[in-house]
Every structure is written in structure tokens, then in C-alpha cells.
Amino acid sequence: LPHSEARFELQQVILTMPVALVYILERSTTHQEGLPKIPVPPLKQTCERYLAALEPLITREELAHTRTLIAEFLQSGGVGERLQKGLERRARKTENWLSDWWMQSAYLDSRMPIPVYTSPGVVLPQMHFQDRQGQMRFAAKLIAGVLDFKKMVDNETLPVEYLGGKPLCMNQYYQVLSSCRIPGPKKDIVVNYATGKSPSTHITVVHNFQFFVLDVYSSNGMPLTVDQIYVQLEKIWNSSLQTNKEPIGILTSNHRNTWGKAYNNLIKDKTNKDSVRTIQKSIFLVCLDAPMPRVSDDLYYSKVAAQMLHGGGSRWNSGNRCNLLGEDGSCGLTYEHAPAEGPPIVFLVDHVVEYMKKTEFRRAPMVPLPLPQKLRFNITPEVKKDIEKAKQNMNIMVPDLDVQVFNFYHYGKKYLKSIKTSPDAFIQMALQLAYYRMYQTCCPTYESASLRMFKLGRTEAIRSTSTESHRFVQAMDDVSKQDTEKLALLQEAIKAHRAYTHMAIHGQTVDRHLLGLRMQAIEDLTSLPEIFMDTSYAVAMHFNLFTSQVGSKTDCVMCIGPMVPDGYGICYNPMGDHINFAVTAFNSCEETNAARLSRFLKEALLDLKSLVEQTLKPSPTGPEEQPDRT
């Protein structure tokens, strides 16, 4: 039954239905096996949509050349047809023809450092504690909240998510905890320790670059209480007061090839190997960070976002990373992106925040608990050299990242729905206008869309730059155009964005299909088709705007680094009456400036509202809220 009908039926019979049957119906894996496979789009359709996406980005001459290459690629019996058939064979034989290739190409093959370049950060509202006791109490509640989320994962009682009445794949929720990315000299792997004969029962706590094993379940299998966790954290704190320890964790921040070699050096020693394996098998890590240097209130969240992404450098917290709690009330998390996208992380955040609101910290009679185990590392001269190299690289990376977090308080998604428009498409058009005003040109823009409608689905790209958006941004500041014409062009651009979004979440856009054709050619050991060697393809894949809507009930914001050296990373969380933004860029690029783009974005959002209000009046209620697609 569709979700709404199923809910109605359950309400009618719940008094007479056996409890176990209700539970089975509500299990988060109920629909997993019945989810459809991700389709392989028609080849001609993808090529046509690819050409349409190129139109606002390249010259007429370049477009004409690419059309010629596409025509050759589509010839009957040609290379395109052969690769398409290979892809269709793969789709028949696998649960998801894309997921392994996506994991490989987007994450595991990447040799760039994980901080900034891969791992997102989440900035939570500042907590009102100003000392270590407050930090410990908050950390204890947070740990208990994550364990409560884990209970839902283990019992398969997570609420199934739906989009348009159809269940979504819940697989990523089972990869969030107990997953670890292990470096290799040429390619990484991801291992999940949640399953098996003896799943993990411990977390790792990091303080002053020192690592501790904290068992979070008692001998009877029950999770520790908040006050028990607090006592254990106090023991860890008091056992790690030295601040002169080598930041062994900073090794993980290096270029992946460099870290892969350093990893092999590190685990040559048995003590080191055992400690590393213990960390890898943790359910999650909690980092008790030192307080940051004080900054003004308007810079606070930008500073925290930078801390979440890289830790502030070797002198500060770059040797501690994961669920992050600063002694000054700053808090958030960073996570390994390879196993999961944003929605499971946001669900976890929302769940933990709500759990912490309901959970009171109470002292209770204590049961003796073992002292948390401190993990030992033997720092050989070779390991010491690797640490120093990682410190140097991190201290170059940190000042290069420009981070701007701001709250746009003039309106939020409630207002946008009241004028019967899509909040996401409206914000994307504001981004298009801001970029155009700053550079007098359009650029390739990536927005994440979810493919969780399909089994093991990950993401597809929404290409926000379209012919329609290009027409709109060109007209917006043209004094010869009437406001009614500008508004009509804005509405056309929003309509085009919504249409592309619909195609993306149904697996009918271009980026993942092109990736599949390219990977199929590599697997067939044939030369890459000309369309992938074309300048237009390089332009199309150079996303100067790398964006993601990460909607959360919590007043937080996710942050990501730019995808390209001369680009921006932009995350946003549309709340009811305001919108949270995080904008990043690299200082080493003279052409980019996160603060300047943020100013243009604020102006664009205000100007679009003024344009709309010239002819439209907000209605009391807007359209029904749609689930996040990111």
C-alpha cells in the first residue's frame, strides 16, 4: 500500500493486530528487497540532455564540435551502442550497476586528503557550557544519544523514509556507524564492523592527541547510562592531561598515497597495529577538543566550521577528529563520506539533539566500571618523520581554506512556500545570480540528488545551470527588461530546475550514465571514446559551484570543501524563517573569495524576493513540504 494508506490501515486494526506483526510491518528493511533496480537511461536521451546541459557553458563552435562527436558515438553498431549493451548486461547481473563504480571513482580512487576535500563537517548550535565539566556532561549525553540511534539500527526500527509515496533505500543508515576507510598505496577500502559474530561494543575517545577505548555496553549487553559514561570520560580526561604527545591522528589527514605508505610503516609494529585495529573497529569516535582562540560573534560559526573540516592545524585539534566537542561550547561532527550521504547523518544529528533535550543528567549509585584502556603507540623515527610531514601539509592546508558561515534571516522556506515556489530551486537560482553578478558568466553547477528510490542508490547530479537559468541571470540586471519579464524568466528557470530534479531522482539524467559508459570502456580495456577526451567534457565536469541542500530539523549547517581549485563548496539548510549557509573557497586561488560570494548571495536572495513581490502576494499557506532530496 502507499505509505498514507498503510498508516490508515494500521490505525484501523492496531487494537487487534499482534504486536509482532506491527513491528514487522514497520521494520526499516521491510521494503528493501522489493526496491527497483536503478535503470540504465536510453543512450540517445542521455546524449541529447548532455548537449542541452552544455549550451550555457561553451561556445557555439565548441558545441558544434561536440555534436559531431556525439553523432559518431551514437552511430548504429558503433562504440556507444557497444558500451550501452555492456552497461545493460551489468545492470541485469548486479543489484545496482552504479554503486560500486561510484564508491570507487568518487571516493576510494581519490588520492586527495580526506579533510576539506572529501569529509563534510556539520556545525551544531553553540552549547552553553564554558568548562570541562559541561563538556563532559554534554559528551556523555551525546554518546548515549548515538547509542540510542544505534539501537534503532540494530533492531531495524528506523522509520522508513518515503518520497512521493514510494519507500526509499535505507541501506546507508546501516553504514554510518562502525565503518572505517582504510588507506592503500593506490586505492582505499571501506570496512564495516557492525556485522559478524562479535560486533563492536566500544567507542574511541580522543583527548590531547591520546586515544582511549571506552566500552559503552555493560556485561549484560545494555548500554551504559549517561552518568556512567560521564564518570568514564572523567577518567579519560584525568589520564590524558599531558599536552606534549605526538598527534598520531594527524597522519590520516595526508594525501592518500602518502598516508597509505605511512600506514604500512605504522602497523609494522605489533603494538601500533593492535591500537590501529581497535580504533578501526570503534562504533564511532568522540574528540574532546581544546578551546579555540576567541573570535567575534559574527565569525564564530565560520571558525567552528573550519574546525569541523580540518581541526585548525597541528597546534590545535587536527590530531583529533570525528564527533567534536570543544571545551568552549563548540560542537559538531565530521564523517567519512564514502559509506553514506548527508540524510542519514542529518537524521542521526536530529535524533541525538532530541534525545539530549529529553535526557536529564542525574547522579545515580555507581557500579564499578573498568578503567578505559589507553591505546599505546611506539613512535619510531620513521613514524615520527611521517607525523612531521603530515603536520607540515596540514599547516599549509588550514590557512588555504576560506570558510564563511552565515544565517540569512530575511525569510526561509515558509515564505517561499507561501509564494508557491520550490525553496530549493529558488535558492539555486539565487546562487546562479550571485555567481553571474560576480563573474559575468555562468559555470557548471552540481547539486546532489538522491537515488534512494532505487536499491543501494546513492546520488545523481542536478545541473542547476541551464539555458533557462542563463536567460534569467542575464535579464535580471538588464535595465531594458520589465520586472514582469524578469519574473517570467525566473519562473521558467525554477520550472526547468524542478524538471531536471525530477529526472535526476528517477535516474534519467546524464552524469552517472556518462560515468557508467566511461567505466565500462575502462573495464573493456578499450580506448576512451572521443566524447570523454573532448574539451567540452572537461568543462562540463569542472564544477565551480559544488552545492548541497542538507535539510535538518536542527538549526545546523553542513559544510564541504570546493570540488575544484577555482570553485566553491556551498551547503544550505532552509529552516522555517531563515536559511543557514556555509560557503568555502581556497585562498590560494586569486579568482575566488567566499566572503564576497556570500555578500552577492545575500543580495541575490533579497533582490529575488523584491522581484517576486512586485507582482505576487504571499498566501497564508504554501504547498505541502516535500522531502529533502539531498
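For all residues, glycine too, the Cβ spot is worked out from N, Cα and C.
The active site, proton acceptor feature in TrEMBL is assigned to H337.
As annotated by TrEMBL, CoA binding site applies to K413, K417, S418, I419, K420, T421, S422, P423, D424, S450, R498, Q549.
The Cβ neighbour count for S448 ((R)-carnitine binding site), using a 10 Å radius and every protein chain shown, is 22. Under the heading (R)-carnitine binding site, TrEMBL lists Y446, S448, T459.
Annotation comment: TrEMBL describes 39-602 as domain 'Choline/carnitine acyltransferase'.
Mean pLDDT for the domain 'Choline/carnitine acyltransferase' (39-602) in the predicted structure: 91. Here the Cα atom of K413 (CoA binding site) is found 24 Å from that of T459 ((R)-carnitine binding site). Taking Cα separation as the measure, T459 ((R)-carnitine binding site) is nearest to H337 of the recorded positions H337, S418, K420, D424, R498.
Separating the Cα atoms of S418 (CoA binding site) and Y446 ((R)-carnitine binding site) is a whole-number distance of 27 Å. Summarising the environment of S418 (CoA binding site), the number of other Cβ atoms within 10 Å of its Cβ, over all protein chains shown, is 17. The two recorded residues R498 (CoA binding site) and S448 ((R)-carnitine binding site) have their Cα atoms spaced 13 Å from each other.
Counting only same-chain residues six or more apart in sequence, the Cβ atoms lying under 8 angstroms from the Cβ of H337 (active site, proton acceptor) belong to Y107, T118, S119, P120. Cβ neighbour count within 10 Å across all protein chains ranks K413 highest among the binding-site residues K413, K420, R498.
Here the C-alpha separation of S422 (CoA binding site) and Y446 ((R)-carnitine binding site) works out to 18 Å.
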